[in-house]
Amino acid sequence: MMLFNLVFLLWCWAGTTSTLPGNAPEIIESLRGIPKGWTQRDAPPQTDMLVLRLAMDQPMLADFHQLVNDLSTPDYPLYGKHLTKREVDDILQPSSEVSDGIVAWLKNAGVAADFIKLSGHWITFRLNVGTAEALLDTKFYNFHKGDVTVIRTLQDSVLSILRNKIETIQPTIRFGSPRAQAEWMMDNSDDSSPLQINPSVGIYQMDPFDPPANALRMGHIELVSINKGVVSFQVSTSAEANLDVQYAAALTGGTPLVYFSTGGRAPMNSNADQPSAANGTNEPYLDQLHFLLGLNDSLLPSVLSTSYAEDEETVPYSYAVQVCNLFAQVGARGVSVIFASGDTGVGSGCQSNDGKNTLRFSPSFPASCPWVTAVGGTYSLNPELAAAFTSGGFSNYSPQPTWQTDTMKDYFNQLGDKNEGYYNIWGRGYPDASAQAVRYLIWNQGGPEYVYGTSCAAPTFAAIINNLNNIRMTQGKTKLGFLNPWLYVQGNQGFTDITVGASRGCSGVDMFTGQPAGKIKEASWEAIAGWDPVTGWGTPNYAKLKTMVAKF
């Protein structure tokens, strides 16, 4: 039996690698070069500690994805029957032969058994740099960008007999530069049209919330630290957190809020259970998702809103696929996952990073993942316009999901040959919806500030979904959970279509570094009737939506 042979070979591997079949290293992941903005420095000490996560192959993944769609499509028999943690784990758990074989491989390489932890189809393990280099047939270096230093490599390998059993090992080639999708309005002198809570309630026809006179000014907000994440009090980063919690609290009428702060680089721990901050081996998306999926069902949030994005092509494909699949698991358990679509329009760099520098639009991640609901930005009223900075387009990683097929046919029939060759016609289209994203008034660093960006739109949209969930829960119905199948089949009827405005980008100058970048003449996505890659289905009309969600 092949699986038995796999385990047997790995247990016998120590000391006999030169004679066993299937022991040649085979590349599992690689980069063509050092990512833009990063500089390679010296090699770290061989004794520095790393924490790595290994994703095993999931034979039932396609069936699981279909199940999640069935759970999320109204009028389907399984709609709303969200899965428990145990049910998700049981479906996706690899065979014991595979997991035992990989654990044997790690132990034989010198990874201590106490430092190996299995969770579903993931194995987390701690080892020093020297052991990691031997295990993965690679060489690690310190890489520097700004004030961040991380230990990474440009290529890693595993035994050829294991290649089809392992999807990714991270963070090895994963550098990452997620950006908050909110910016300050530089001119605060003109406050003739600030978007405050009362106007926001009016825009989307939300029910006003009138707290009693003795109520606290803001609902209870719980801080949950993941991987030693903290609340930032720095001027450059505190606006993002204040924006999210202030608008979410104000628009949800007292719903308990949890602020998850995920550390990307853990501080030094005296027992070496975590890598040092200088090593920077911890990556926020994986840390956050593993934490959430490890929670008991009763502790999971009903809505999760995140306002960070990065260029999709800068994320290693294997890593992006695994993160996206984890979002599917979160959705299967009844959580609506909301992401800001990004603030780079059709793109900023607009060149492929495969060494060919091909001109093309630059989709953003995780918004391009089909298992999240991506929210774009609008501004103004009568008419409400598409914001030029809103990121949107079509994924180069994730194929078009079935619930988007008819919508994409209609869109491309209207689009014609515009932008042909600059995007992937078969990719997942985003954003899925939009909300106001300009001139949000917040309190930050002891005073008022205006901010803009899809970071404003995401928590606003998430608050609306929370309130719709509350309506359903009071009627004994289930949470909305993964939104997209409902949104594309029925929910879009409760949105205001945005048909004026367009996104921009690909100007020839990178908006973050100021360096030369790809230039595409008249690069844009226009807001048109129906779905479009600027505003999705448009902005929510709460009065319509609350009637709709009570009927299924």
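Glycine too: its Cβ is placed from the backbone N, Cα and C atoms.
For 1-18, the entry in TrEMBL reads signal peptide.
Under the heading domain 'Peptidase S53', TrEMBL lists 163-552.
In the structure as shown, the Cβ atom of GLU240 (active site, charge relay system) sits within 10 Å of 22 other Cβ atoms. The feature active site, charge relay system is assigned by TrEMBL to GLU240 (among others).
Residues or ranges marked as active site, charge relay system by TrEMBL: ASP244 (among others). Under a cutoff of 8 A between CB atoms, and with a sequence separation of 6+ in the same chain, the neighbours of ASP244 (active site, charge relay system) are TYR259, SER305, SER307, SER455, ALA458, PRO459.
Of all the Cβ atoms in the protein chains shown, 31 others lie within 10 Å of the Cβ of SER455 (active site, charge relay system). Here TrEMBL flags SER455 (among others) as active site, charge relay system.
Among the features that TrEMBL reports, Ca(2+) binding site is placed at ASP497, ILE498, GLY530, ASP532. Using a 10 Å Cβ-Cβ cutoff, GLY530 (Ca(2+) binding site) registers 13 neighbours.
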Residue among the binding-site residues ASP497, ASP532 whose Cβ has the most other Cβ atoms within 10 Å: ASP532
Cα-Cα distance linking GLU240 (active site, charge relay system) and GLY530 (Ca(2+) binding site), given in Å to the nearest integer: 31
Rounded Cα-Cα span from GLU240 (active site, charge relay system) to ASP497 (Ca(2+) binding site), Å: 28
Cβ-centroid neighbourhood (8 Å) of the Ca(2+) site, ASP497, ILE498, GLY530, ASP532 excluded: THR499, ALA527, ILE528, ALA529, TRP531, THR535, GLY536, TRP537, GLY538
Residue pair ILE498 (Ca(2+) binding site), GLU240 (active site, charge relay system) - Cα distance, angstrom, rounded: 26
Local Cβ density at ILE498 (Ca(2+) binding site) - other Cβ atoms counted within 10 Å: 25
